[in-house]
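Contents: one structure, followed by commentary.
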């Protein structure tokens, strides 16, 4: 990601948090309010839901938008409520639509009714008293007015409030069947009372207008219907062009007589006494005229004179269809008009960061709006920040109990700091756990790093860094250092870090640096329960601040500020009640909850009926109980539970859909009445909106898709609403929703109490396809469905539709990243013990490094190849899941329309093997590894001086310690404390704390950087002494304080060890000297044996329990010193280069070249019990605790497991990228490290052997040949060049080998005649007839005995050319009596002395020899005419020369990136193909396809490339994790062997014509170009199209060779 691009796109003000007004991101919602009357337009509304809704919803989905309809008249028979809140709810919802929706916001459907005209709920004090004064002569109406309206002086300014209907008619809201008559009476009474109230208010308002006290608009408020108020608010006042769709239904002109006669049939407005409401008709006509004047009305005429609306009638059905068609058409037009502004053709990759910054900035403002008090703590923290600005320091921790106000406090701190920090600084705020990107450590760090880089203009991280936790943490630490050096002030404020303590990467806060550089500050808050996690992070008391309870005065200040902001106040009695409750806790959250309740009190609220909880928990419980009473237990409990159980929250649209699928909620709603329509059943929107109004303080609404996240009372909801069985049931409903099970008109049955039988109704929930369009995936389904299926324990459905679906896995991996897939699989393996899911999880862990380098944005072919190449061998073992996936892979390959290589066998590392984890975090190789089994910690030091500490319980990095400036030499753990020592090539010795990661001291010049002494540091914990051996001296320090104790100035070569109280040193002239370890005083000396005195010391070992020291020199003996005596204990097969002992010191392990000698140690002697032979030099060995097994590593890059009892090889593990130099054993896990690679690998010894694919030859074989039937491989092992081994793809390793008398230099195989040719160092060529296993032929060497450089067999296998140092000889291959025979040489070609030695060659059927040299020369020599012609020279050594199967063309490859394709008759250069990545990518081998249309090449960049022979065009690239060293054509593809020994078999599928714009480099960051010969010109020459400039600095080097998926420039080929 380009920092400048992000900075320009967002702006520095946004990135620095200054310009929050520019932060508001684009909404992803289309939310529309439908305005209509309840009874008059019910058929139109039903038609909209039946026909238009689903189509509009699908259309929005295709644009990446969420479609939501707010229809208060849907699903209810009466919208009037006792509290008169309907009008206010409508206005609030219209406001929300206008605020959030992109595109249309309002639909109006006008019919024949003007609608209900309600009494205003609130009337300002001045207006009400003016109206009352106009009724002074009408005592009856004045009494009625005062009876229903009460003055609320708690409002500022005071208002009059209309009393709830139930205040006078208590049975008005009854729904039970037992109170029907009482309810009906109260309804009638209220209707009459309302009519009288309205008439009185209208009369008074008209008089006030006549007298000039009221405006016409003020008067109209008492005449307007709810419908007109909605239309005015949603359209007439704004008239936003792209926001409203309006229709009205016109009747034929009716006379007044017809209206009076048929008003019921035509659904006209009536008065409370049942008469036609003529005023309403006039107001409706006026409203329609006002709308017509805007030019936006869409009139639809319908004949109703023959009866009321009947959707079954043809003309009425056509009318409804036309209405839906026009509504849909206009809505789509408005949506499309805004969609380009919403989505754009390509959204910037940093748009999610803008959403994140906006979210935290907005929430931060809200949280600190009414913060009072805490000034003393704010001041102390500000002083601490200022005082620590110029030096390294610790983080600042703010802690306290839940609800104490830590969030508001940190938001206030951020606000204050932004006001004082200069414009170049950055205050970065994250309220953790309030958004998906702040609920995960890696996601949070990714956003923080990008914001810092953009705001301070630092280099942003590469994709492979942001996808690795360890790399991301290191980058975070590095940018803090960069910001510090730049001099800009950076303050990072992280609230509620306890939210990050539950993920698998963040058991501890190890990602926060222990030492923060100058100018950079980190302030974090944490609850008291989790404060223990910060002990290793912050040790200084002055860096820890505790927030305590608020005082009563501070509570008063908070109350005043909160009420003032809300325009409210309290009576003295009410204030005292609140304060008395608050005194019990002093908790700010408790006070906030009390104020939320108090703001709803009017001044006439009787406090005797109010009971407030004296704790936060009690208040929240009372609140939830009141919600249940007002809205129903099922609706409240399930709505809150659905939000809580969702993975990343639910949008309001999703929540309503999910509640509409919940039969228990709908049964509660329709308990006493039937739904208006039986074919369509959903949660009435009005019910949710009323509940949402009361919950507004407890829900956080994110801007993107309106996702709702629960606030403070999550735990209460879990305890109150979520027993285990209900939790599973609710997860099941959520899974059904996100799977789309009940979409597309699929009716869901329900048993309604009011019906008594099952009803099947459409719930109108959206479809949930995996892809909305070809480029737009269903992200919500990808994130939520696997989560809910797993928690609902729907394992069969999970395997079938998610984990066993190749389409799903590809979609989620490529769109969400491989880490998200691993997270899903980890969730499943935690909930169920399924071997197949475990195999799949390990597969994605194995392929993750490759995809991380491409940021997850790779082509399908790469991912499918990775999956198929790893799982193919396990398909038969696990047919239900893995077999299903492999079958889908086969189908995918067969339908793929671009070029692709299809694996025919499992050649990539399969899951289920011994490799379990890879520990990363070092930029260079690992030098020292120490295991602390007691604390389950692993400590490792690298070549660049870094030290990392891992927890073996969680396999996560606890500390990354920097201090050493050169490679770490050794690490030593303290057995009696939580400390360890490290020495380095920078000469320093440092002491560290394991728990905190703090450096305790550093001693300079403590170790010699030139020393070859095996042990650098000796520690005597009992005496608190450290002894080192720098520059031929002995130095000693106090272990706790690092104070110098003494120094021995004698010429001491090495310190061998410490025995008891004596220090044993090797001095000059073959002396062993003994010193007092406490004082350094010399005690005695003795001579070494004469045989040892002339050799260098190779290794030492102290046997503490036996009070002796073992040591070895460059001779074949092992010596010991005990009681000042030296003896040669044992003879060894060769010099020992390392010594190890078991934990109980019963066994001694000595590494002697290719032998590991095992000795049994007793008190009086040692004797050898085993010689464990290896194929290469043994590098290290460890033993398990029981001493029953020995694990070794050798130079051949294999780890071997041996039985101590029998000496048998139990198992071997491979293949490593480099030889393992260090091993550690923890329980049944082996940790391996190498000084060459920057990773540690964790291997499991107890694995299922049937999963471990060992169908490969040993790694790093220098010579390999393949048979044409892809059955047999002949090879020479690394380090054993005098023996030829055979491996069969069906049988594995064959027991018999072919011994030769000298080192093998080259191998060739005559495929048809089955002759294996072996060229030797001595110049001899051995020939093995494979059909005559006991016979061997021999071509004697020339007189000068030159080594055989190369061999080449002609296509007909009748000749072989053998290249020596100075000549090439030509031999004939014949047969005598059916026995093969080789005669000659018949021809000899003396090589030019000016040329380098031959490196590769090919023999043509016409006796021409094509060869290349190490100097890059290419020559074609004709044995018949004895003429040589030099061809175009390469810049580096020629590595391969491959002829086509028809002997027409040859490909010549070299160590650089150039390969040339030649025509052989005549000799013309057809194509020069150059492939340029960032690093060395020379071709190692190549082979033509059997039809000669394509050529396959294997390169050092660990890829196989496919080229088109006719055009030279690059067709495909595949990453195979190891360089391919040998290839052979096979059927429609090839077989090959990699450097790691993998046997690769693949087919190649290629269409006849490539798609326009096809880019073979889409998965790789590289360039290629082709220079081709113009074939229509007689004279041979080449024409080069101008190449695209190539600058390696533009590309990211990737350690494994995989490049990033980005469009790359590809030359057009001619």
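Keep in mind that glycine also has a Cβ here, set from the backbone N, Cα and C atoms.
Predicted automatically and left uncurated, TrEMBL annotations should be read as such.
The feature domain 'AAA+ ATPase' is assigned by TrEMBL to 392-582.
Residues or ranges marked as repeat 'WD' by TrEMBL: 919-960 (among others). Within the model, the repeat 'WD' (919-960) shows a mean pLDDT value of 86, rounded to a whole number.
Across the range of the repeat 'WD' (961-992), the DSSP-based residue counts are 0 helix, 17 strand, 15 coil. The annotation repeat 'WD' is assigned in TrEMBL to 961-992 (among others).
Remote same-chain residues near the repeat 'WD' (1171-1212) are listed as 1133, 1138, 1140, 1142-1144, 1146-1147, 1149, 1151-1158, 1218-1225, 1230, 1232, 1243, 1245, 1249, 1258-1260, 1277-1280 (criterion: CB distance under 8 Å, separation of at least six residues from the stretch ends). Positions annotated as repeat 'WD' by TrEMBL: 1171-1212 (among others).
Packing against the repeat 'WD' (1483-1517) from elsewhere in the chain are residues 899-901, 1439-1440, 1442-1446, 1448-1449, 1451, 1453-1454, 1459, 1461, 1470-1473, 1475, 1477, 1523-1534, 1536, 1538, 1544, 1546, 1548, 1550, 1554, 1560-1561, 1563-1564, 1568, 1570, 1572, 1600-1601, 1610, 1613: each is 6 or more residues past its ends and has a CB under 8 Å from a CB in it. Under the heading repeat 'WD', TrEMBL lists 1483-1517 (among others).
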Secondary structure content, the repeat 'WD' (919-960) (per DSSP, counts of residues): 0 helix, 24 strand, 18 coil
Can you tell me how the residues of the repeat 'WD' (1483-1517) break down into helix, strand and coil by DSSP? 0 helix, 22 strand, 13 coil
Kindly report the helix/strand/coil residue split of the repeat 'WD' (1171-1212) according to DSSP, in that order. 0 helix, 24 strand, 18 coil
